[in-house]
């Protein structure tokens, strides 16, 4: 990918790839064929009568790097902020003549969970991600997926090894959380185990397939184990890739769960990259999403009763609150009184 | 919509609207505001890096007339034939280096019901349709819908009255089918009943709403019945409208059921209009769909056994076939031996 | 249905049907054949190794009357409170050895929107409802439905006419809401219009079908209009019926939207009847649902900021709140400061 | 599980477990706690007014062994053959008075792909399966799933090692198929690699977790790596488990794809075990499924044209058929003329 193309893609790509696009150092996940495909896809525009979003077109097809070998790239989209408004207005019909402007309507829809207008926009991503992240991700069922098939093809030698600052110990208080970062010899030992086991498993995978790294047959006298069997020797940090397409409503749902601090770090970084695409694509929806979803909190009937008593001047402790210890802590955290 | 614009839209619009676009006689279903919206939407193109389909752009936003007041118009789309191929190839990865060309791959996917690559394309329609048609249509759950709300707004005075040639008697042999066309006085009487009842119900709807045709209040001293209640007086041939968005796989499923001769005529004509959009959008998929879905037949194990015996030269009648009378007739129909 | 059976069904049925089951006065919606079917279904129990819920078995198959001719009846179910807990524990595996008791776990799942364990329970209803209610209901797509087909069969002469106390005027402030109840001559006039139009439309429906009330052919020399066409003359307050099956998670979602004060009264009463079934079926889930869903409120980031300032002793008005007028009113309502 | 209970469970369990239930040798996948849970679940029946299926109750909760450590067991169900019929009849209403008996109706529904009545039955399985099988399985989105969480809990030391007779070479003609079985040293070498790598990866998993086999902490001075990270070292043949619940229509769809010879052997054996449950649960549906789905073939328009020409006495070869080489082979295979 020549530096000639940098200018076309604008400041964003420089920011992502450090201005040094030749060689495209970051996403080593991309093959030359894929880079050429991206180049071709971005080489010329075509005219359309559909809604377009220039800020998203700027990064269309361009991989946003995630983790050590992964990426997210938007490869297609349908609709924009206005398409949400338009769909809401077909529902409200004549009645909306007086409804105030678009931003207010989008905020209203988000606040009152009128979700169907958000389903009118669609986005398609190409994602490279470790198998154990894919296993969490796929639980979101309202999406369309085409994944690289290891029954059919041979996987690349790429597996996720955490950066030292993400090598966290098990949390002592949260069974699905992380504690302090490991350090020193312990960290080095863990990294060595991860790297050695993944490497050895991959070496043996190729050996069982009777294939060389470049896809040649090693021993011409035999066939090698079936791909669909050999793959079972790979560790779940091996990278896979897929096309993943969803509507805006379901994307917001995905992000609200996966861009959340309770999500595992390794999927959260994917959600973060997708949130950047969201911001470019539908800025009004993005803003409403931050206010009414990501930054919002659901207060139960009992929690609301506590807040009302507090606002009435009463001093309420957990004992008088009717809340369990855990719920009380959650409420105090929401109210910044932790 | 001025005649200046006709040239831009090409031969298709002339064909649909008889070359006399000024005044737009056919789809009386469209208000001036909607016509202006269509004009605006078609007024200028924007550049995009996404896949575009010129044959579909030609009719983008333009209503294809259906029934007496209805229409279907494509208002957005994502992907094309190549997007299906691209998704299939991410699944097959390196392995597809030798797979033959695109058409063969699409045929293969269709034949073997590999449906996920077809989910990678998406299309959005704006549809005006009678309520009883909407009730059948909505049973297809894997779609996104925003319908005009009669809780919120007042419906227009538009209801479906069949053309005389579609005024069919109940079939004597098929409980959900049509028999001969009614004629003479009987037909005239039916049409008069349909028209009178729909008109009277609508008149009373406005009366209960305390509204004039143009949306003014009739009697300024009272509020009128709530819209959400008054609507219950309308007959199910009243027209509603919605945005309906689905992926290509589910569109094909919809068309295979609704463009079928067993579907009710009044929904089949919508399916036919959408099939025309399909043909423009993804011509290779459309052709494969005709061959492997619309023109295909599923033969049961017992039916296949009969065919094999026939091919072996045996003369097989229903009695020796192991099939029930109805299945036998269905098989003979498929084999053109009815 | 003989009074001998009353004792078997317990106090609930007495409460619903006033202790006078013979003749089953309330749900005139039921035919004798349906009553006999219910009798047969309740006549004897069978042994099972599945989870059973006696409180729900008490009303199994029994129609709970809704509106003037409608009903809801539970006809099958799968799972109970313990099935939710069991599913959550398979997720948490060994780790849950120390997790506290079932109620706490269910509350936790509900509070943190861990929805999949609730999907492990399933319920099936038989519902009789007006078409305009069915049209709202069917928008919930994650359910299984089999509806009475008016293409295939003839609908009964039953339409919804609101009780006088539900004959509300259009709200002046909320476009999809109700205002004061109509009274006097205006109310009488509206009721007469609704009754007359529905009756006339139904009369003409039968006339076009060439059928008598009892299903005989009127004029033996002709076939009558096809059922799929004749039905288009019916008003949307005609009753239809369906089987509707969903999982517990989606039932809760349905109830949270349809048992809500913003829902139209005519669907809310169905939701209320289903909520009664919910209470009997999964009492712990029902209680958690009331606290964390029905009685809860989602506060946006900006709303939370206002609450925090108030709790810190600041006097905040709308002007200083950063909230729009509408949001401010919504917040004050939640905080009981309206 | 004492031999006293064998009599209660009937001949099936004897057949599965060789009559030697004490010790339950086959599914070593089950812990003592799980065996006790099964015993408890089968210890006594409860009365219900719901439909019950004695042939399915016979094996309810009992694990059917699959692969070397896996199993499938039915843990709940809703409905039976009659529930399908009942749902179809609500759709057809009065009109079905004359429709012939249940079997004929079920066959008709299956043949004409009237799928909604099949959605009225539901079944819930508990499954233990290798991760790479789970990855294929989860692509069926219309199901409810709760999977054991390796973020939260520690996985057991169990991984799938193929039996020697399933250690197949890559097919030379089908990129996702298997060829001849490996033999001799090559087979032994592959098995050793699979076993060694899985074992070593699991050993290191525990080491990184700082846990012993029995769940004790090894080095009391440190926390061990977070579970959500340590798991990434496991190979995809490690076993996981889940609850999987779906409706009958979607179960048939799953089985039609996964009990098919083109499916990978390791998922096909799960489908086979589920098909056995299907046969016990809904015998009429099962039979119709074999005839109209598993044993059926979809013939394209062009294929049908060829069959008609052959039946008319014409000798047709590929050259004159209009079919590609691959389609021609597929057609010949269906017609047993390969």
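Indices start at 1 and increase along the chain as displayed.
Placed from the backbone N, Cα and C atoms, the Cβ positions cover glycine too.
Keep in mind that what you see is a predicted model, and the values were worked out from it rather than measured.
Quick look at what TrEMBL annotates:
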type	residues	note
BINDING	A:116, A:139, A:140, A:141, A:147, A:247, A:248, A:249, A:253	FAD binding site
BINDING	A:136, A:137, A:138, A:139, A:147, A:148, A:149, A:150, A:151, A:231, A:258	dUMP binding site
ACT_SITE	A:258	active site, involved in ionization of N3 of dUMP, leading to its activation
Binding-site residues compared (A:140, A:151, A:253, A:258) - highest count of Cβ atoms within 10 Å:
A:258
Across all chains shown, how many C-beta atoms besides its own are within 10 angstroms of the C-beta of residue A:116 (FAD binding site)?
19
Helix, strand or coil at residue A:147 (FAD binding site), per DSSP?
strand
For residue A:147 (FAD binding site), write down the residues of its own chain that are at least 6 apart in sequence and whose Cβ falls under 8 Å from its Cβ; none is a fine answer.
A:134, A:240, A:241, A:242
Neighbouring C-beta atoms (10 Å sphere around the C-beta of residue A:149 (dUMP binding site)):
20
In Å, rounded, how far does the Cα of residue A:258 (dUMP binding site) sit from the Cα of residue A:140 (FAD binding site)?
11
Listed in sequence order, residues with CB under 8 A of residue A:138 (dUMP binding site) and six or more positions away:
A:145
Please give the greatest C-alpha separation between any two of the FAD-binding residues A:116, A:139, A:140, A:141, A:147, A:247, A:248, A:249, A:253, in angstrom, as a whole number.
28
Once the chains shown are all counted, how many other Cβ atoms turn up within 10 Å of the Cβ of residue A:248 (FAD binding site)?
28
Do the binding-site residues A:116, A:136, A:147, A:149 include any whose Cβ comes within less than 8 Å of a Cβ in chain B, and which?
A:116, A:147, A:149
Taking Cβ distances under 8 Å as the criterion, give the subset of the binding-site residues A:116, A:151, A:258 near chain D, ordered by sequence.
A:151
May I ask for the distance between residue A:151 (dUMP binding site) and residue A:116 (FAD binding site), taken between their Cα atoms and rounded to an integer number of Å?
37
What Cα-Cα separation, expressed in whole Å, is found between residue A:140 (FAD binding site) and residue A:149 (dUMP binding site)?
19
Given a separation of at least six residues and a C-beta threshold under 8 Å, show me what packs close to residue A:136 (dUMP binding site) in the same chain.
A:258, A:264, A:267
In whole Å, how far is residue A:149 (dUMP binding site) from residue A:253 (FAD binding site) when you measure between their Cα atoms?
27
Determine, to the nearest whole angstrom, how far the Cα atom of residue A:248 (FAD binding site) is from the Cα atom of residue A:149 (dUMP binding site).
27
Could you measure the widest C-alpha to C-alpha distance across A:136, A:137, A:138, A:139, A:147, A:148, A:149, A:150, A:151, A:231, A:258, the residues recorded as binding dUMP, and give it to a whole number of angstrom?
29
Rounded to an integer, what is the Cα-Cα distance in Å between residue A:116 (FAD binding site) and residue A:149 (dUMP binding site)?
33
Tell me whether residue A:140 (FAD binding site) sits in a helix, a strand or coil according to DSSP.
coil
